[in-house]
Structure formats: structure tokens, C-alpha cells
Amino acid sequence: MIVVYSLGGSVLAAQDSAGLKRYAEALRTIARDNQVYVVVGGGALAREYIGKARDVGASEALCDSIGILATRMNAALLAAALDGSAPFRVPESYDDAIEASKTYRMVVMGGVSPGQTTDAVAALLAEYTRATLLVIATSVNGVYTSDPEKDPGAVKIPRMGAKDLSRMMSQIELKAGSKSPVDPLAAKIIERSHIPTVVVDGRNVANLIRAIDGTHDGTEIRS
């Protein structure tokens, strides 16, 4: 299979060195039998620098560029933990990532273009590579009827259609550094390309494997 992961930067940044090694080992296990791409988010590092940039009057486009640099730093950190299982040089384009996959069974990258979140980059990469599965490993354990951090009555949706996901996510305002289970652009790409997608809690490293063997407790998205 070809599997593309969108790994939230907040998930990765919360790990100490031992935690990073656990994620690296899980990804190596998955890559034994699959071609794996991992797109890493910027997390708190990106939000901190984007916040400071806004404070000094930076445009949203410049804030996006700063966020991309943060994602690439996080990607480089994960690549270092993978210790040769993925290229140390972080690809900066989809073509670079696909070229690297000719040599490596695992490729780790960050953001690509201003205006695209990590989820959107991962969805586009899944589209480019005709991926079998897109896994969005984030800080929530699926898609809910509303924000579970704000609404105690929010209910997790175990399965949903791509069109329903796109409709739900289109109501979320998208700015540099914004957070949502799946961003609106990614949802549109998932819908148009019929990409099988799973949203899982990436804070549990075991969910990276469970997402592909069907034993996860997240949200499955199908066309």
C-alpha cells in the first residue's frame, strides 16, 4: 500500500527523545510492507512564531511562510529520529518527495506552499501518489459533531462520507496556524479524489499502525 500520514506538529512536539524514537520505530514497522509518506505539522512552534509575526504586522502570506519553516524543522527532527530510514534532507515539493520515494520506503516532509495546511499538503500528496490511504493523526480521536473541547455534548462520528466532511469543515475559518480535525481544503481534496481517509488520535503512537490494520477507534471517511 501507499500510505500518507498527516502528523500533527503538536503531537510530535510533545514527545521527548524516547517518544520520538517510539514514533520512528512504529513508522519503520509500517514501511516494511508499505510505501510511507509523512507530512509533519508545525504545532506550537509554528503558532508561537506566527503569533509574533502577526504582532509585528506581518501579512498572512508571510505568516504562512514562517509556519512552513516550522513544519520543516519538525520534519527534520523526525527524519533524524528515523536514522537513515528516510532522507535527512526534507523535501520541499511534491516532486521532491516522489523522487525521494524511489530510494526510500519512507519520506518525511513539512509544508509546501503558503495557504496550505499540513492536512492539505498530505491530501494533495495522497492525490499525486494515488495513495491507498490517508491517515490524519492529530490531537483528537476523530471527527466530532462539534468541537469536543468546547462542547461537552459533542459526539464522535465513527464513519462519514467525504461530502459530509467537506460540508462540515467548510464552516471553519482558515488562517495561518488554525486548528481543526481536518481543514476545509484537505476535505475538498479528499472528496474530489475519493481518497480513503482515517482520522485518529496521533498522541497514541499505536494508532499509526491501527489506522492501517482497521483496529483504530477514530473516524473513517469514504466517498
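A Cβ is built for glycine as well, from the same backbone N, Cα and C atoms used for every other residue.
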Residue in G42, G51, G84, G142 which Swiss-Prot records at the UMP site where D64, V112, S113, P114, G115, Q116, T117, T118 also bind: G42
Among G42, V112, P114, Q116, which are recorded as binding-site residues, the nearest neighbour of S10 (ATP binding site) by Cα: G42
Tertiary neighbours of G9 (ATP binding site) (same chain, Cβ under 8 Å, six or more apart): V40, G41, G42, G43, A44, L45, A46, A70, T71, N74, T118
Those binding-site residues listed as S10, Q116, T118, T138, and which of them has the most Cβ atoms within 10 Å of its own Cβ: T118
CB within-chain contacts under 8 A for P114 (UMP binding site), separation at least 6: A61, D64, S65, I68
